[in-house]
Amino acid sequence: MTMCSGARLALLVYGILMHSSVYGSPAASGLRFPGIRPENEAYDEDGNPQQDFYDSEPPGVGSPASALRDAYALYYPAEERDVAHGILDKAYRKVLDQLSARRYLQTLMAKGLGGTPGGGADDDSEPLSKRHSDGIFTDSYSRYRKQMAVKKYLAAVLGKRYKQRVKNKGRRIPYL
């Protein structure tokens, strides 16, 4: 038993010595002593350590995200980035406003028809689905009408350049 614990103690001491010799040096731990200088470090005339160009990463090496961020900062100045962020924020707020207005309208419609906005358990879902399909049809039809109005307006403004002409074999080619 004492022999085993003696061997363990010797192994422990050996491990501590090896660990301290590898990781315990002042240069490895990053500690700097004024009188001790590592042999592999270069100094200028004033005694200041020079930057090691071989151990540091080159500017192009890094994660793809940081490279993309650096390229973005290089090609787009801060003023343009601020303008772009402002435009994005404005569009995002507009979309959020539309979504909240749509939700508010849905709650008003549900309250006006006597239902709950979530479509509670006592309410049957058939009128809700019918209203939903009617809304989809109305939305699609109104979008179609708007497109036709835009085409009519463009035809009136641009004249013959916008009108489609029939080519050989009946294919239609827009004239823009």
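Cβ coordinates are placed from backbone N, Cα and C, and glycine is handled just like the others.
Feature annotations, reproduced from Swiss-Prot:
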MOD_RES   Leu158  leucine amide
MOD_RES   Lys169  lysine amide
REGION    36-62  region 'Disordered'
REGION    115-134  region 'Disordered'
REGION    150-158  region 'Important for receptor binding'
SIGNAL    1-24  signal peptide
Students should find that the Cβ of Leu158 (leucine amide) has, within 10 Å, a number of other Cβ atoms equal to 12
The correct DSSP tally for the region 'Important for receptor binding' (150-158) reads 9 helix, 0 strand, 0 coil
Averaging pLDDT over all residues of the region 'Important for receptor binding' (150-158) gives 79
